[in-house]
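Taken verbatim from TrEMBL:
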BINDING   175, 176, 177, 241  NADP(+) binding site
DOMAIN    10-125  domain 'Tetrahydrofolate dehydrogenase/cyclohydrolase catalytic'
DOMAIN    144-297  domain 'Tetrahydrofolate dehydrogenase/cyclohydrolase NAD(P)-binding'
Ligand SMILES: Nc1nc(=O)c2c([nH]1)NC[C@@H]1CN(c3ccc(C(=O)N[C@@H](CCC(=O)O)C(=O)O)cc3)C=[N+]21
């Protein structure tokens, strides 16, 4: 590749580190001026080892920015009624500012019902219908962490490498989940992008992707987006976190890859997020951002600005 204005790697890890540092300053201010220490409670049901790693990371990052962190681990055999009862207790506990119930939940529970039970003001995932609805109609609410973090990276990259705003860009989002695809579409629409949401039934997906100035991959399938699906000069945001087995020097080992074939896509892209160290660390940093935001809302204080 001779064109040095292409293939920039978006440093999500570094951006997230900076965001966490700025959050730590705001948390210290809130403590000093209001005597409030934001508290995040993470609830995990079952013993899925991958989930436990994320939960441990979340807890450590929460403490590192000066917030209080509690993790509640419940057995797989917990009933939905028991989980709803716990959520009601956390809703009523004034010391708790944010509640995150780790997904997916065991099959015998309805995640919609569980999320619906969380006080929307404490819903730091931004998954409650009230927060989803606010985002859809353009009211201030809590915005889901992964789309929020993705937007921050995208705005920064377009500013750095494109010189302008997102207005008028063609955005194609591959994936229509409530957690990433749909809220990402709302955020990009609010930025005056022309947004298309693609999914498993979309016809001519490759051709559609090739129209994208902004391509967001949130399908959950390793390397699903091939290099020749990326238009030259596009901004590529890879939301996928897929653990795959690869051959290492001493047998099989596990590795994390995205939904985009990074090596093949990079020469086409203006800028692209890697996996790991792209969107993932931003998800955690935005969770802390949302916890601080939630604590402010609950105390009738304005949301922190300039982060
Ligand atoms: N209610 C709920 N909210 C969530 O936000 C939520 C959830 N449930 N369930 C599980 C998924 C997964 N998730 C990740 C967050 C950060 C990284 C992350 O920081 N990954 C690093 C390391 C990846 C690695 O090496 O394993 C990276 O991408 O660089 C990964 C995964 C949040 N989730």
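Cβ atoms here come from the backbone N, Cα and C positions, even for glycine.
Close contacts with ligand 1, defined as a Cβ under 6 Å from any of its atoms, occur at 241 among the binding-site residues 175, 176, 177, 241. Applying DSSP to the domain 'Tetrahydrofolate dehydrogenase/cyclohydrolase catalytic' (10-125) sorts its residues as follows: 62 helix, 19 strand, 35 coil. Cβ neighbours of residue 177 (NADP(+) binding site) (same chain, under 8 Å, six or more residues apart in sequence): 218. Shown are the binding-site residues 175, 176; of these, the residue with the fewest other Cβ atoms within 10 Å is 176. Of all the Cβ atoms in the protein chains shown, 20 others lie within 10 Å of the Cβ of residue 241 (NADP(+) binding site). In the three-state DSSP classification, residue 241 (NADP(+) binding site) falls within coil. Reduced to three states, the DSSP call for residue 177 (NADP(+) binding site) is coil. Residues 175, 176, 177, 241 are the ones the record ties to NADP(+), and the longest Cα gap between any two of them is 16 Å.
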